[in-house]
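J.: One structure coming up, written as structure tokens, with questions to follow.
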Amino acid sequence: MAPTHVLRCCQRGLAWIPVIFIALVVCWSYYAYVVELCIITIPSTGEKIVYLVLFHLSFIMFVWSYWKTIFTRPANPSKEFCLPKVEKEQYEKEERPENQQEILKRVASSLPLYTRTGAGAIRYCDRCQVIKPDRCHHCSACDMCVLKMDHHCPWVNNCVGFSNYKYFILFLAYSLLYCLFIAATVLQYFIKFWTLCRRKSAENCPQNELPDTHAKFHVLFLFFVAAMFCISILSLFSYHLWLVGKNRSTIEAFRAPVFRNGPDKNGFSLGFTKNIAQVFGDQKKYWLLPVFTSQGDGLTFPTRLVNVDPEQPAAIQHPDSSKSVEDDSVPQSPVSDSQNRLLGSDQHISDEILSIDPLKSDGTEVITVYMESES
């Protein structure tokens with residue numbers, strides 16, 4: 001037990017090395033830009049002030065979002081997704097997977113679950129001993145189940161998921177802005193230092209020659225580092241913007257979530273505007289600030305099925321009718337608040353929008369189909 005505990009502590013300590021490396025690079029870039037470039041190299045006072053003000057704005061937003069991404073604890077499934085004591089004992093005693101699945105199905109019948117495993121079984125984590133909510137996955141590095149897990153990022157030593165995905169997107173955005181600003185403002189001095197004449201004769205030296213001091217090495221290296229990070233961050237930031245627009249996580253991009261009617265990579269997509277609101281919230285004034293504004297609780301998500309399961313009872317509701325025609329054998333339950341907000345009247349879809357109610361006690365679900373009336 002002791003060697004395992006020591007090994008685990010060493011792993012946790014080593015996991016902070018990438019974060020420490022980034023912190024050292026950021027601290028050096030601050031010194032190189034503020035002291036070596038602005039104070040020592042740039043001769044114009046007005047240029048110094050403008051550069052310093054804009055630099056500190058981008059620096060503060062970058063550090064703020066990076067801090068929130070690192071130290072925001074990943075959200076975990078609530079207690080309602082844990083097996084009750086009696087069912088848990090039965091589950092542990094059962095040796096046949098079929099009987100274990102029956103126990104899980106009984107417990108899951110009262111939970112808002114739409115996704116399944118590839119084999120159609122209830123998603124259960126034996127490590128955390130919880131039924132996994134939709135879009136929840138177990139992170140082996142953090143040793144916990146994370147709500148709407150996207151990936152585990154070694155550069156922040158944290159799992160990126162429901163609780164900090166907005167912070168992660170802003171961290172990429174402001175780090176890209178930080179690197180772009182440094183590269184753009186350092187470029188002219190980089191060229192001057194790079195082409196600096198080393199001849200002693202004054203007639204062969206350019207008129208705007210800069211002093212050949214140790215600041216030259218900081219400025220040259222600062223441009224190379226900023227350009228290198230800018231290229232790498234740009235590709236990652238573009239990819240995650242695409243994921244946000246599709247309302248997918250990195251895991252879902254590689255492995256489509258499985259619903260009752262099969263895998264569907266667009267199962268959680270609500271349209272571009274609604275997908276953006278899922279991550280950044282409804283109030284646009286908070287979009288650029290690293291404060292939590294994401295919609296929902298991370299446990300349930302509005303779904304939009306493309307293919308209707310023919311075995312499931314459906315209720316067809318027309319816009320000009322106040323009542324719906326539905327199967328008498330299945331009671332109708334209201335759509336959740338998050339579904340009402342995201343699948344409201346302002347969403348215009350030409351074909352059909354599907355809204356699924358949580359599983360009933362008998363394992364069935366109600367699918368409401370909203371059709372546009374023909375003119």
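Glycine residues also receive a Cβ, built from the backbone N, Cα and C atoms like all the rest.
The following feature annotations were taken from TrEMBL:
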- 330-339: compositional bias 'Low complexity' (COMPBIAS)
- 123-254: domain 'Palmitoyltransferase DHHC' (DOMAIN)
- 314-347: region 'Disordered' (REGION)
- 15-42: transmembrane segment (TRANSMEM)
- 49-67: transmembrane segment (TRANSMEM)
- 167-191: transmembrane segment (TRANSMEM)
- 219-242: transmembrane segment (TRANSMEM)
J.: Using a Cβ distance cut-off of under 8 Å, indicate which of 15-42, 49-67, 219-242 has the most pairs with the transmembrane segment (167-191).
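T.: The listed stretch sharing the most Cβ pairs with the transmembrane segment (167-191) is 219-242.
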J.: Looking only at the domain 'Palmitoyltransferase DHHC' (123-254), report the model's average pLDDT.
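T.: Here the mean pLDDT over the domain 'Palmitoyltransferase DHHC' (123-254) amounts to 89.
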J.: Near the transmembrane segment (219-242), which same-chain residues lie under 8 Å Cβ to Cβ, leaving out any that are not at least 6 residues past its ends?
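T.: Distal contacts: 25, 29, 32-33, 36-37, 41, 168-169, 172-173, 175-176, 179-180, 182-183, 186-187, 189-190, 193-194.
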J.: For the domain 'Palmitoyltransferase DHHC' (123-254), give the DSSP counts of helix residues, strand residues and coil residues.
T.: 70 helix, 16 strand, 46 coil
